[in-house]
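Trainee: A single structure is presented below for examination.
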Amino acid sequence: MRALWVLGLCCVLLTFGSVRADDEVDVDGTVEEDLGKSREGSRTDDEVVQREEEAIQLDGLNASQIRELREKSEKFAFQAEVNRMMKLIINSLYKNKEIFLRELISNASDALDKIRLISLTDENALSGNEELTVKIKCDKEKNLLHVTDTGVGMTREELVKNLGTIAKSGTSEFLNKMTEAQEDGQSTSELIGQFGVGFCSAFLVADKVIVTSKHNNDTQHIWESDSNEFSVIADPRGNTLGRGTTITLVLKEEASDYLELDTIKNLVKKYSQFINFPIYVWSSKTETVEEPMEEEEAAKEEKEESDDEAAVEEEEEEKKPKTKKVEKTVWDWELMNDIKPIWQRPSKEVEEDEYKAFYKSFSKESDDPMAYIHFTAEGEVTFKSILFVPTSAPRGLFDEYGSKKSDYIKLYVRRVFITDDFHDMMPKYLNFVKGVVDSDDLPLNVSRETLQQHKLLKVIRKKLVRKTLDMIKKIADDKYNDTFWKEFGTNIKLGVIEDHSNRTRLAKLLRFQSSHHPTDITSLDQYVERMKEKQDKIYFMAGSSRKEAESSPFVERLLKKGYEVIYLTEPVDEYCIQALPEFDGKRFQNVAKEGVKFDESEKTKESREAIEKEFEPLLNWMKDKALKDKIEKAVVSQRLTESPCALVASQYGWSGNMERIMKAQAYQTGKDISTNYYASQKKTFEINPRHPLIRDMLRRIKEDEDDKTVLDLAVVLFETATLRSGYLLPDTKAYGDRIERMLRLSLNIDPDAKVEEEPEEEPEETTEDTTEDTEQDEDEEMDVGTDEEEQETAKESTAEKDEL
């Protein structure tokens, strides 16, 4: 009986246990439904959680926060010039909108450079966020694009100052250059980055821009603008960035393509793959992973195994979880620029296309470079460098030459960007060269001013100049003459003047026009190769144009004898040649100055001496009487064949071209002692003994030295020679009077004959009467009109009374 009672109790217990088990299955099923029947949501993978939090931080504000932001924010108006600039940028670059991402990433890179530089001397600078990255996230659902950097960030004042009065000092210049580029049909996209107004390009694709920024010295603030006005407010969310800046673009409808991951990735690789900080894009990929089997399947197997007595023993042993392979979409930050800094790689491993892409990314130019050189310098200082020569000269290359930042060399120390604002990394005349320099030998934790005085910088500069000149020398002749010289020829001439140590190297790069060819330019090496057998000087003539130089009386005999003459047609040319004492052992000779001599035979020498003796009376008469106090001396010329005379400067005096340049200087006040000394130097008056005018003058002065006509002729010849020789006349009225007197004599008109006086006009008597009649008629017409108006007014008044 007791056995039956025990058996019944066991059955009851088994039944109750089965019901509890079923209840537990139902509860688990309800939980699964609440979680979407997914076990992924219950995972606690730390890396997944961290990635999700990073993605959430990049999202925009919620509705209540946006409402609070707009209600409490302080409103500002853009400056008029900034408004104009924004409109110009938006309208001129509408076909090249994609550059907005290049500019935003470039700004982010600059901010990262700044905080990294600060961290070298401030150990707490990176405490808010030790990561130095740029992150980009597309939000298709909300139509937002986020670009976040962990750079230096901006305070409230900096948000207003930097984003509200964009490019303060350069705004006007930028507008002018933008307008010029549009008028010339040139590309304007590179101007955006060059003038520091790249942030404005965000409005090419965005209706609204929101900038969230956290600086170490301020709380987090939000700057918002629709391109018409902007507002700033403290971020109601508090410090969500740690440090840095997030730029959120509310994209225009037609710019939705920039929310596509492939588009963003392609743009990053196109424009920013050589940025020195990692750039990440929040992107997805499909992975095959092993997941535990569903609990229902596991429970079913456990139920089947519970019927087997052997399963009791196996339950005590550790079981391996059963899994299955499934495909799932995983979101993570994908690195876009994993390429090592190009200058750190061996030059043999870098393709030409990589150099071109790096140049465009780093210089913000749209054209390929004309030339480049990649080298490692060793010795007193070791550094790596890449230098580029642009295809065209930067705009405003000589504006304020030497008085502001004039080079485009970025200095890195151990891959840390230090500055691009050194004034003497390259000499002024090479201010068009762009590149990077990276050295491990320079100190990191010093100020820029201290670093600028570091002795190793002088060594680096010296090597950079040598390598640059080697690079330029290797440019193909056709490209050099057709492109480089047109763009940068003036720089090379300035280098000859300024750089004494490299003057010989620079002289080989000079190009000038010459009498050898009507259009082609020539080098000094080529000139020397073509020199005559006994020619020991390089002849040159300076003028405002080639036509003026080749028609000068000074080159007549040289050209007739077959000598090649170099024509200097630019204002800087004569300074350049004056700075060159010689080239390849040949001295330079300005044919407008004393010293032009030709190799002559004994017979020719005797003939010349006989002519000088024959014309000695005329020469003495000119020096002592006709042109007294005007010339140093008068001599028989060896350089004239067609012209009657010329005015020749001394070896240390000014030529006509130089005098014209000096007197045209804006700062010329007439009080400079050296300038006045050169300007007052008397010239040598050379005559052509074979010219009929000169021969007739000799005859006349032998007959009568006091002949007024001959005296006038001598002065007119002197003044004409002054003009032909390139000088300016001090008294043009007197010159004009003398020419008129000579014309009167040639036409047999009395030199004292007066100009006929104009007859006096008689006054018209009827004018006053006619005027009075006209005024009377007008008065009568006005009276009649007034009477008619008064009658009409009276009628209207009567009618109104009748109606009342």
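Even glycines carry a Cβ here, placed using N, Cα and C.
Here the structure is a predicted model, which means the values were calculated and not measured.
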Trainee: Out of Phe199, Phe203, Phe230, which does Swiss-Prot tie to the same ATP site as Asn107, Asp149, Asn162?
Mentor: Phe199
Trainee: Looking at 401-404, 405-408, 449-452, 801-804, I want to know which stretch Swiss-Prot calls motif 'Prevents secretion from ER'.
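Mentor: Going through 401-404, 405-408, 449-452, 801-804 one by one, Swiss-Prot flags 801-804 as motif 'Prevents secretion from ER'.
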Trainee: Counting Cβ atoms within 10 Å across all protein chains shown, which of the recorded positions Asn107, Asn162, Asn481, Asn502 comes out on top?
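Mentor: That would be Asn107, with the highest Cβ count within 10 Å.
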Trainee: Taking the recorded ATP site as Asn107, Asp149, Asn162, Phe199, identify the other residues of that chain whose CB atom sits within 8 Å of the mean position of the site's CB atoms, giving them in sequence order.
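Mentor: Result: Leu104, Ala108, Asp110, Ala111, Met154, Leu163, Gly198, Val211, Thr245, Ile247.
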Trainee: Please name the residue among the recorded positions Asp149, Phe199, Asn217, Lys633 whose C-beta has the most neighbouring C-beta atoms within 10 angstroms.
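Mentor: Output for this query is Asp149.
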Trainee: Looking only at C-alpha atoms, tell me how far Asn502 (N-linked glycosylation site) is from Phe199 (ATP binding site), rounded to the nearest Å.
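Mentor: Asn502 (N-linked glycosylation site) and Phe199 (ATP binding site) have their Cα atoms 42 Å apart.
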Trainee: Mean pLDDT over the motif 'Prevents secretion from ER' (801-804): what is the value?
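Mentor: So the average pLDDT across the motif 'Prevents secretion from ER' (801-804) works out to 40.
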